[in-house]
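One structure below.
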Amino acid sequence: MKFGERLKQTRQRQNLTQSAVAEVLHVSRQTVSSWETGNSYPSIDSLIALSDFYHLSLDTLLKEDEGMTDTLRKPEVLQEIQPTIRNLSWINFMAAPACIFADHINLAVSVLLVVAIINTTMLSRLNDFADKLGQADRYTRWRQTCWREYLIASITTIGLVWVWVNHQTGWIEDFAIVAVFSWIAIFCVEVGHFKAPERA
């Protein structure tokens, strides 16, 4: 028997409504319905709560449902790819300013640019994969890592003011480019989130 079918039969045997179960588990009725129809699976915390509420062992709940077992394995996969995502993010963090200031520090800007583009592409694909595995959406993950973008934007803005005050004209354009694009990127993400429709 599938996980959802077992949940539904157990609830009906105990003469409970989906709304009653949802209230106890602090989720929406639609969420309980989605579990019972097999459209989604509960988190580990919700699974434990269901086990306690229905007085069923986890083994009984999970028996014969490979989809539920696969869902429980997803956090392990997500944990495995997090170091790669973190490393790629750090490469971008260091490469972006280096590309802008390459003419001053004698770096091969074309090589850095290619590396940055490839790295950004791979990072985007990994993040998409992480979205499918994890419970958090893009904005939640952004809030967890946005300090890097804010740090770049803040440092380059301070640097821009410093070189302007000290008349270091050779550096003004470089600092301005990084600062402006950093703040534009931050603005787009933040404003884009607030304009997005609320999730149920």
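Just so you know, glycine gets a Cβ as well, placed from its N, Cα and C.
Note that TrEMBL annotation is computational and uncurated.
What TrEMBL says about this protein:
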DOMAIN    7-61  domain 'HTH cro/C1-type'
TRANSMEM  107-126  transmembrane segment
TRANSMEM  147-165  transmembrane segment
TRANSMEM  171-189  transmembrane segment
For the domain 'HTH cro/C1-type' (7-61), residues assigned helix / strand / coil by DSSP: 39 helix, 0 strand, 16 coil
Mean of the pLDDT scores, which run from 0 to 100, over the domain 'HTH cro/C1-type' (7-61): 87
